[in-house]
Structures are given as C-alpha cells and as structure tokens.
Amino acid sequence: MSHFSYQNGVLHAENVALSAIAEEFGTPAYVYSKATLLDNFNGYAKACAGRDALVCYAMKANSNLAVLDLLARQGAGFDIVSGGELLRVIAAGGDPRKVIFSGVGKTVEEMRLALDKGVLCFNVESIPELHRLNEVAGQMGKRAPVSLRVNPNVDAKTHPYIATGLKANKFGVAYDDALDTYRAAASLPHLEVVGIDCHIGSQLLDDAPLLEALDKLIALIDTLAGEGIVLHHLDMGGGIGINYSGEDAPVQVGDYLARVFERIDAWRAEKYEGKPIKVIFEPGRSIVGNAGVLLMSVEYLKPGEEKNFCVVDAAMNDMMRPTLYEAWMAVQPVTPREGKALTYDLVGPVCESGDWLAHGRELAVQPGDLLAMMTAGAYGFTMASNYNTRGRPAEVIVDGDQVHLVRRREQPQELFALESLVK
Ligand SMILES: Cc1ncc(COP(=O)(O)O)c(C=O)c1O
Ligand SMILES: N[C@@H](CCCC[NH3+])C(=O)O
C-alpha cells in the first residue's frame, strides 16, 4: 500500500503536504514515504517468516543511506553490483555477511574488498570470473563462497531492455553450460560452491516465468547433487513488477512467495527427506518503487500548433526511465486546480529532444504549479546524472508528520570540484 494521498485537496506523503516540502527544500526533489518502504519490505519478510530465507534488497534501485539503514534495521540483506555499493551498505550499518555480490564485471579490487568484508556470496557470471575470484581468494588465504548465476533462457515478458534471462542477454552462465561450469568451480581450491541464482528480468507482472525458471534451477540442483555438488541456497533474484499506470496488475508479493515455497517444500519432501534449502530473494523495484515521487515545478507553458509543452524543472537527468525505456510514469498535480485541461508533453530544460518525462497528458496547470511524478522511488535518483551541469535533486524521507532531508541538493560548484586546468 502506498502512503501518498490527497488530503484537503493537496497531495500528501503520509501526513505532510508535498507543497510544504517543495517550499522548504525546493524542486526537483525526490520524496519517499517511510511507511510505504517498510510495508513493502514487510510483505517479503512476512511471507518468509519462520523459514531459512533472506531478502537481499537490490540497492541499485535506490541506494540512499537512509533507505539502506531503514531496511537493514528490518533485517534486510543487500544485493550489490559494485564495491561502491558494498561501502554504502557498510556506511549505512548493514551487515556484509548478508550481502550478495552480483554483476558481470567484478574487478580484482572489488573482489578483494568483498572478501575482506566477508560477504555472504559472489554470484559469479562466467568461467573467467571464477578463475579470477579463485586467484584473488588464494592470494588472501581465503575461500570465496560462490553461487553461479544461471541464465535459464525463459522469456520474462517485459521490456527488452530490462529482460536479462534470455540466451541473447549478457548475464549469467547459459543453462546448457551450467553443469560444466559448476564442475569447474568445484575443482578450484579457493572457491566454495554454495548456491545457485538467476535473475530473469525486471518489472514482471506475472510470476509464471519466475516459476518456470525455478523449475529449471531445481532440476539442475538435483543433477548437481547426483555428482556430489550439494548446494545450500537457491536465489530467485528480483523482478516483481509494480503498478505504474494504475492499470498494471502485478502479482502480489505474498502470493508469489507462497508459490515458490510450495514448490520448494514439495521438492525437498520428495527428494531430500524434507531437508530445507535456504532461499534468497533480491527485490528492488517492489520495495522502493511506489515509496517515492519526484516533485517538480512548472516553469513555462508553451502552447503550439502541433503540441503543447509543459516545461518543468525536472529533466531526463533526474529521471531517466521515460527517455531510456519509453516508460509511462503517472504525473499528478499536487494541488489540482479548476479550469480547462490541455494535452501536454511534459519536458525538461535539458538540450535533447529525448528529454521528456511524459507524453500527451491532460493537465490543468499554470506556471509555478507543482507536479508529482508518481511511483518514482526505484531507478530514479540512482540513475540520475549531472548532464548539462545540473545538480541532482534533494532527497527527503517523510515519516508520519516528520520530514528528513536525507540528501541535500547538489550545488553547481560541487559538480566541477574534482576538475583542474591543464598546467
Ligand atoms: C542481479 C539483480 N538482482 C536483482 C535486481 C532487482 O530487480 P527488480 O528491481 O526488478 O526487483 C536486478 C535488477 O534488475 C538485478 O540485476
Ligand atoms: N533500471 C531499470 C531496471 C533495470 C534493473 C537492473 N537490472 C528500470 O528502471 O526499470
């Protein structure tokens, strides 16, 4: 459930009017609802209660330290894809022993850092990566815990740019090569094979492809067990979608997890005398997506013969999803006004024709009005850039009637502070 609602004609985050936040912190600004964030995490935690299961929040979706801290305090682990993300987890008070390290391009330095901090597992994506990790662990006198990211070749039925589980994608080890890759991993002295994982794509509305992937992983675990390679955990990745349009009907997290556990329990009962296997999930979007909005102001209205443009102070550098995926994001006035609505393209000040946030929206607006892009908490700020020397937005967390500035707006001078002139 999301805690953004109209109260007395003004859009609120929990008990705080977004207009008050705009006045205090300026726009554009990302505003997050703590209650929504925790509700979403607790949806996973409840479905996992009493089981050997770990929810490793995929922090690429939103890695603000305050968000990580709130989730760590609920017991979350983290799915990371860089050494930088690991340092964020630690800075936020998260436990590295609950960290899963994913990604196709881990560097030697990143492997060293992760081994030194004692992460739970490396999700390895290729044979060369296995060899590099074996070497680095050997130099450090350690054994690296390893899971193979298997690419189960199932169609996630999502936008091609965010599907990851097909043969054509760069991710993971091909299903048909997985057995040989496990044998290679098991033969390396400084690796300890502990698990298996997959992540087939993002914004999945239906869990059928995920369950299909699960069946394939189960079959592989059985084959491996037959060879004496016994796995201790099964990581389903992330991918559960959210309702962007008001009409998307994503599978409920509780229902999906129940179906996963039902299959796993039946399989373990039949083949392993009921001995459980640890289950890991790596959700990102379904934890933070509907917990955030991007608050912006209308700068100019430009009526035209072909199109009307509503120029706002947020842009593609603040929120990439429309430009990158042609993603449809809901936009709502903070204080809806009476009067004639026009059809607008919502665009930012960046010098690119691709700088748009929404196309063809019916809006009754005037310059100075506030708009909120809804469901913007995931892959919003984390994908923001400084293009056009634009400072990235402030980030604010609302908790009931309290407002916390959790990242201040970047100032222009900070954007070139690392640069120097040719001597
Ligand atoms: C390896 C991995 N795990 C988890 C996630 C989180 O996915 P989502 O935000 O769709 O839950 C991603 C991103 O798609 C990912 O690449
Ligand atoms: N960033 C993407 C999802 C990619 C997920 C990362 N593997 C989005 O906004 O939808």
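Cβ atoms are placed via backbone N, Cα and C, with glycine included.
Keep in mind that TrEMBL annotations are predicted by a computer and have not been checked by a curator.
Binding site for pyridoxal 5'-phosphate per TrEMBL: Gly239, Glu282, Pro283, Gly284, Arg285, plus Tyr379 from the candidate set Tyr32, Tyr379, Tyr387. Most Cβ neighbours within 10 Å among the binding-site residues Tyr325, Tyr379: this distinction goes to Tyr379. Between the alpha carbons (Cα) of Glu282 (pyridoxal 5'-phosphate binding site) and Arg321 (substrate binding site) lies a span of roughly 21 Å. The record gives Gly239, Glu282, Pro283, Gly284, Arg285, Tyr379 for pyridoxal 5'-phosphate. Within 8 Å of the mean position of their Cβ atoms, the other Cβ atoms in that chain belong to Ala58, Ala61, Ser202, Gly238, Ile240, Ser286, Ile287, Ala378.
Each residue in the domain 'Orn/DAP/Arg decarboxylase 2 N-terminal' (40-288) has a pLDDT score, and their mean in this model is 95. Within 10 Å of Lys60 (N6-(pyridoxal phosphate)lysine), counting CA to CA, the binding-site residues Gly239, Arg285, Arg321, Tyr325 contribute Arg285.
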